[in-house]
Amino acid sequence: METQTNEAKVEKSNKRSWNLEWDEYFMALAFLSAQRSKDPKTQVGACIVNNDKRIVGMGYNGMPNHCKGEDFPWGKGQTAEDNKHLYVCHAELNAVVNKIQADVRGCRMYVTLFPCNECAKIIVQSGLEEVIYYKMQDPPKEQIVKATKKIFEHGNIKLTEYKRERGTEFKIGPEDSIIL
Ligand SMILES: [Zn+2]
């Protein structure tokens, strides 16, 4: 009896006063995933979570499989076909196709940047129910933002801006930190 009481005391005093909230956890993972991106300008990460709070897909912006960096541009290039936008797979697309279950119907996506209209289509078609984004592009591309919002509105996607409630700062790279 004596021992049990002592253990209980230790456990109580060792209880952490701070731990990651679910939203912080999933958004932090999206940011961590973004750190894998080779894009020199914009690194985006996405994390798909099911209703049991299990992670079922992760992605970051990158070239298609087998398309090597030396053969594909990471900028606007000299000619029209040298533009990275023609080739890059966005984080949201990669998170959906990297899914580890049959489909992502009813799941939520955490993404570090407001999705473009192309990804908005993929999000609706894949059956996701909610998108939580960390921030808008700076400056925002108005036409794309409008199109994404319209697709989500009609496609029944709940769109939520991430709330930085606790202001926890994370260092996620040599030069980058995020506030969650
Ligand atoms: Zn996109």
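Cβ atoms are placed via backbone N, Cα and C, with glycine included.
Record note: TrEMBL gives Cys116, Cys119 as Zn(2+)-binding, and the candidate from His85, His90 in that site is His90. On its own chain, His90 (Zn(2+) binding site) has Val44, Gly59, Asn61, Pro115, Cys116, Glu118, Cys119 as residues at least 6 apart in sequence with a Cβ closer than 8 Å to its own Cβ. DSSP states for the domain 'CMP/dCMP-type deaminase' (21-159), grouped as helix (H, G, I), strand (E, B) and coil, give 48 helix, 27 strand, 64 coil. The residues near the Zn(2+) site, meaning same-chain residues not in His90, Cys116, Cys119 whose C-beta sits within 8 angstroms of the mean position of the site's C-beta atoms, are Ala91, Glu92, Leu93, Pro115, Asn117, Glu118, Ala120, Ile122, in sequence order. Neighbour list (Glu92 (active site, proton donor), Cβ cut-off 8 Å, at least 6 residues apart, same chain): Val44, Ala46, Gly59, Met109, Val111, Pro115, Cys119, Ile122, Ile123. Here the domain 'CMP/dCMP-type deaminase' (21-159) returns a mean pLDDT of 95 for the predicted model.
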